[in-house]
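Visitor: Please see the structure below; I have some questions.
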Amino acid sequence: MKSDNHSFLGDSPKAFILLGVSDRPWLELPLFVVLLLSYVLAMLGNVAIILASRVDPQLHSPMYIFLSHLSFLDLCYTTTTVPQMLVNMGSSQKTISYGGCTVQYAVFHWLGCTECIVLAAMALDRYVAICKPLHYAVLMHRALCQQLVALAWLSGFGNSFVQVVLTVQLPFCGRQVLNNFFCEVPAVIKLSCADTAVNDTILAVLVAFFVLVPLALILLSYGFIARAVLRIQSSKGRHKAFGTCSSHLMIVSLFYLPAIYMYLQPPSSYSQEQGKFISLFYSIITPTLNPFTYTLRNKDMKGALRRLLARIWRLCG
């Protein structure tokens, strides 16, 4: 192995420089404030949903089991990236250790893949609830929900494991500058001085499987849902069904479309400058919006949150 190459098999680079917006110093403070507020809102909102789903008996249905897992994923998702981003924006040393970078993209890909499958499971739940209401309790039983969630976590881990094993073996040469806010596999692969065709191909295949297949299931489920909703004679019933589903579709769009742009375009056309801003959609914007999207139009969740706040108030009083 050449002495100027660094890899998992030899000397690994000590650290990566995360460029972020350091080339635009005027943007760092406003972005720092936005990210900090978004992170606080994401933490508060998702913790509230998890607590309400756990302690309120009215929210022990499959829909809220999936929602509480989605909120937990979003908590972990934002905590994996945002604190590091905030530290770098407030410091002149915008670095992350090689080990820290590896852990970050490993966990990030694990959680991202898991969330793709959880969102598909939520679409399946809504399909059964609206299109097969008489069989809902039999089909969407608690054991099945737990199995789907376990499948999501295990699949996400498998995807992440493959990506990490392939990426840590790449040699890196020269100055290790990542034109991104945090470590992601496409950006790290871009720094390698070796031929990354195998990495690019496997990344595209895995992302296509774990992103496009769940997305196809979601769109198929909502196609059947739309057809069933249009048959509902009650305008109130149609409005309630569309309200629940539209919030889910908005989250799906904000999460999947940027991910597809980032991970499924040819490496030759991949723009790190555009990609680092697009990655903010699924790393912070979607996790921040999720609690509000799922509660503002959901009477059961709003009622549960009010009861939770009342209980906390009594305990504090």
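Even glycines carry a Cβ here, placed using N, Cα and C.
Marked as disulfide bond by Swiss-Prot: Cys101-Cys193. The feature N-linked glycosylation site is assigned by Swiss-Prot to Asn5, Asn199, with sequence analysis given as support. Swiss-Prot lists 1-29, 84-104, 163-199, 264-276 with the feature topological domain 'Extracellular'. Residues or ranges marked as topological domain 'Cytoplasmic' in Swiss-Prot: 54-61, 125-143, 224-240, 297-317. As annotated by Swiss-Prot, transmembrane segment applies to 30-53, 62-83, 105-124, 144-162, 200-223, 241-263, 277-296.
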Visitor: Any contact between the transmembrane segment (241-263) and the transmembrane segment (62-83), i.e. 3 or more CB pairs below 8 Å with pairs at least 6 residues apart?
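Guide: Contact between the transmembrane segment (241-263) and the transmembrane segment (62-83): absent.
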Visitor: Which of Cys101, Cys193 has the fewest nearby Cβ atoms, counting only those within 10 Å, among these disulfide-bonded residues?
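Guide: Checked Cys101, Cys193; of these disulfide-bonded residues, fewest Cβ neighbours within 10 Å: Cys193.
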Visitor: Cβ under 8 Å to the transmembrane segment (30-53), counting only same-chain residues 6 or more beyond its ends: which ones?
Guide: 21, 59-60, 64-65, 67-68, 71-72, 74-75, 78, 82-83, 85-86, 89-90, 284-285, 287-288, 290-292, 294-295, 301, 304-305, 307-308
Visitor: So if I exclude everything within five residues of the ends of the transmembrane segment (105-124), which remaining residues of that chain have a CB under 8 angstroms from its CBs? That is, six or more out.
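Guide: Residues 63, 66-67, 69-70, 73-74, 76-77, 80-81, 145, 148-149, 151-153, 155-157, 159-161, 163-164, 167, 182-185, 188, 210-211, 214-215, 217-218, 221-222, 248, 251-252, 255-256, 259, 282-283.
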Visitor: At a 10 Å cut-off from the C-beta of Asn199 (N-linked glycosylation site), count the other C-beta atoms across all protein chains.
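Guide: Excluding its own Cβ, the number within 10 Å is 21.
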Visitor: I'm trying to understand the geometry here, so how far is the Cα atom of Asn199 (N-linked glycosylation site) from the Cα atom of Cys193 (disulfide bond), in Å to the nearest whole number?
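Guide: The Cα atom of Asn199 (N-linked glycosylation site) is 13 Å away from the Cα atom of Cys193 (disulfide bond).
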Visitor: Per DSSP, Cys193 (disulfide bond) is which: helix, strand or coil?
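Guide: Its secondary structure by DSSP: coil.
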Visitor: Please report, as numbers and ranges, the same-chain residues at least 6 past the borders of the topological domain 'Cytoplasmic' (125-143) whose CB is under 8 Å from any CB of it.
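Guide: Result: 62-63, 65-66, 221-222, 224-225, 228-229, 241, 244-245, 248.
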Visitor: Just give the helix, strand and coil counts over the topological domain 'Extracellular' (84-104), going by DSSP.
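Guide: Summed by class, the stretch gives 13 helix, 3 strand, 5 coil.
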